């Protein structure tokens, strides 16, 4: 049996420590994956710093991390989509389950079968690792029935005649959401900084606006004139003012437009929600427990192989080995735009 090492959080607000960890076994409907690349996310350093203050169920020591790409080394009972040797990309849910065996920051990790997709050989592990958490966040907000409940994507989509607002199109979640919504038959209007306009248009957005312009709300209102709104997905960073502005702009746009009156939020709802409009905070790991993960992680493998879904944003490899993960988290705290920080494992 191989030796497993992990970058472990020993306690709240403590730096990661690389040490030997138990070698995981594949339980029912689960696979064990040898990690070749992992990405870091804001939720990782937030959990590291805040622990049970952020997620009451968190106990230490704990292996954090959500995004991995690697090779299947074992499958558990009931697994039908994968076999040892398969290349995969997947969402590790250890933070949600408080189970270190399911955390990404280690050499061997357990994934749920329905939270993983086959990875075509043309796509490198390090680029694939940017996808999972952002993908899960997007599919919860877009397709779960208790959120926007949009039509499911297809390689041959049927146009719905509806237009969706995605605030934060150049974020990791936004890059996934634009592609998914277009593949589901929706027109997408989005926002980002001007230097990322070409990126979001290449992913399928038909119109894009600078979210920093004082006229942004008027610009969006005019863009949606005469269109049927499918609702909105509001994605923003960790700065409270930016998050509030994003939520309020989306809520007001939906309230003033014809069509669906729902906004999926990556931030807490603001205090004043317009009458007739509903909104809900997105918690990505909820998708593991419903049919949307089965449908969409199945679709992801097909779309990656077909070339109709691109692993975006760009991966920036900031180190090799588990010892580099803490540095990646520190770098992420300083702010990143239109890229995702990745660590490769030898």
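Any Cβ shown, glycine's included, is placed from N, Cα and C.
The following features are taken from Swiss-Prot:
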- 43-48, 170-173, 193-196, 211, 251-252, 336-337: NADP(+) binding site (BINDING)
- 133, 134, 135, 136, 137, 138, 139, 140, 269, 270, 271, 272, 273: substrate binding site (BINDING)
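Shown here: features listed in Swiss-Prot, placed on the structure.
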residue	record	CB count, 10 Å
43	NADP(+) binding site	19
46	NADP(+) binding site	18
133	substrate binding site	28
139	substrate binding site	27
173	NADP(+) binding site	24
195	NADP(+) binding site	11
251	NADP(+) binding site	24
271	substrate binding site	7
273	substrate binding site	16
337	NADP(+) binding site	12
Can you grab the distance from residue 46 (NADP(+) binding site) over to residue 133 (substrate binding site)? Cα atoms, rounded to a whole Å. 15
List, in sequence order, those binding-site residues among 43, 170, 173, 195, 251, 337 whose Cα sits within 10 Å of the Cα of residue 273 (substrate binding site). 251
If one measures from the C-alpha of residue 170 (NADP(+) binding site) to the C-alpha of residue 137 (substrate binding site), what distance in angstrom results, rounded to a whole number? 14
Here the Cα-Cα span from residue 139 (substrate binding site) to residue 195 (NADP(+) binding site), rounded to a whole number of angstrom, reaches 26
Could you measure between residue 195 (NADP(+) binding site) and residue 137 (substrate binding site) for me? Cα positions, answer in whole angstrom. 24
Nearest of the binding-site residues (133, 135, 137, 269, 271) to residue 251 (NADP(+) binding site), judged by Cα-Cα distance: 269
Whole-Å Cα distance, residue 337 (NADP(+) binding site) to residue 133 (substrate binding site), is 17
Whole-number Å value for how far residue 173 (NADP(+) binding site) lies from residue 137 (substrate binding site) (Cα to Cα): 7
Select one residue from 170, 269: among these binding-site residues, choose the one with the most other Cβ atoms within 10 Å of its Cβ. 170
